[in-house]
Amino acid sequence: MPLQSTDEGEHAVIPHNWEEPGAVNYKHSEKQIGRKRSHLRTSRSLKSPNVNSLQGQKYIGLFLVLDNSYYKMYKGNVTRMRSFVFEVLNLLNVIYKTIDIQVSLVGMEIWSDRDKIKVVPNLGATFTNFMRWHYSNLGQRIHNHAQLLSGAGFLHGRVGMAAANSLCTTSSVSVIEAKRKNNVALVALMSHELGHALGMQDVPYYTKCPSGSCVMNQYLSSKFPKDFSTVSRSRFQGFLSSRNTRCLLLAPDPKNIIKPTCGNRLLDMGEGCDCGSPEECTNLCCEPLTCRLKSQPDCREEASNLVIE
C-alpha cells in the first residue's frame, strides 16, 4: 500500500535533540523519557576521526527485529518474511550507495511466540520500550543501528520514530510501522528513519531531488526515494565532522552478515540472477544453483537488464 503524496499522507516523526537525555520532543507532541544518563552514550566527548577518512566507503551493520504482529501478518511464514526483508534491503542499498554507505544485515530477530516489549498504539511509548530493550538485550551485539518493524498500527497516522544523531551510540534505534506496506513504502520509511540517525532532518515537501522524491521529505510519497537533497547531504557531512562516527569505517565481518538464500526469486546482493529453484527455473541464462548468469553471448543482454541503477 503506497503512501500518499498529499499533506494527508502518513508522516514519519522523530524525536529531536536526542543528545539531551530526558527531554525529547516529538513532532506534533512532546514526551519525556526518563532514561538514566549512564544508559545514553553520546559521542560529543570523543575525538572524531579525520573528516577526509569518512569521504570514502562507509558501512552500517543493521539489526532488524520483527514483532509478533508482523509475524502473524505473514501467517508465520518465515521464508516469505526473510525474502521480503532482503528485497527491501536491496532497495535500501540502492538509496544509501548514493552517499557511499553499504548497509548489511548483521542480525535479525523474529518475535514468533510473543512480543518481548509492550507494543502499544502510542508510538512514543513503543519507541521508549524498544530502546530500553535494545540497550539491555542487544547492547553487546555488533551492529550500528537497530530497527523494529511492527505489524501493529500506531495512533494519529504515525509511522516511524528514530533517535536523532545517534549512529555509533547504543541509542541508535528506530521503530517503523510496517503494516501492509509494499517494498517501496517500507524502504521509504526505513531509509528516512536511518537518515535521522545520521544527523539528517526533514526537508520541506517541495524540496526537489533528481528522482523526484527525496529520502528526507517531510511527506512520504509513492515514488521510490532514491536521492538525498543538498541540504540532507550537508547535514550528514556536519554529523560526520562533529561526532565520533568511527564505527562507519568498520566493515562488518563477512561471517556476521546474514545472506539471502539463492532460489528465492529475488535479485539479492551478490547475485547475477535468481530464477527460483532448479525445478521452477525457466531462465536459460541463469544457473539456479549458484544464481550466476551463464557466459553465453545471448545472455549479455539479460545481464544488462538485471543491473539496478
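Along the chain as shown, residues are numbered 1 onward.
Placement of Cβ uses the backbone N, Cα and C atoms for every residue, glycine included.
TrEMBL lists 58-252 with the feature domain 'Peptidase M12B'. The active site annotation in TrEMBL covers E193. Per TrEMBL, disulfide bond is recorded for C209-C214. As annotated by TrEMBL, domain 'Disintegrin' applies to 259-299.
Taking the features listed in TrEMBL, we show where each one sits on the structure.
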| residue | record | CB count, 10 Å |
| --- | --- | --- |
| E193 | active site | 25 |
| C209 | disulfide bond | 20 |
| C214 | disulfide bond | 29 |
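In the domain 'Disintegrin' (259-299), helix, strand and coil residues by DSSP number 3 helix, 4 strand, 34 coil. Summarised as a single figure, the pLDDT of the domain 'Disintegrin' (259-299) averages 79. Between the alpha carbons (Cα) of C209 (disulfide bond) and the residue listed as 'active site' lies a span of roughly 18 Å. Taking only the Cα positions, the spacing between E193 (active site) and C214 (disulfide bond) is 13 angstrom. For the recorded site, E193 (active site), the DSSP three-state label reads helix.
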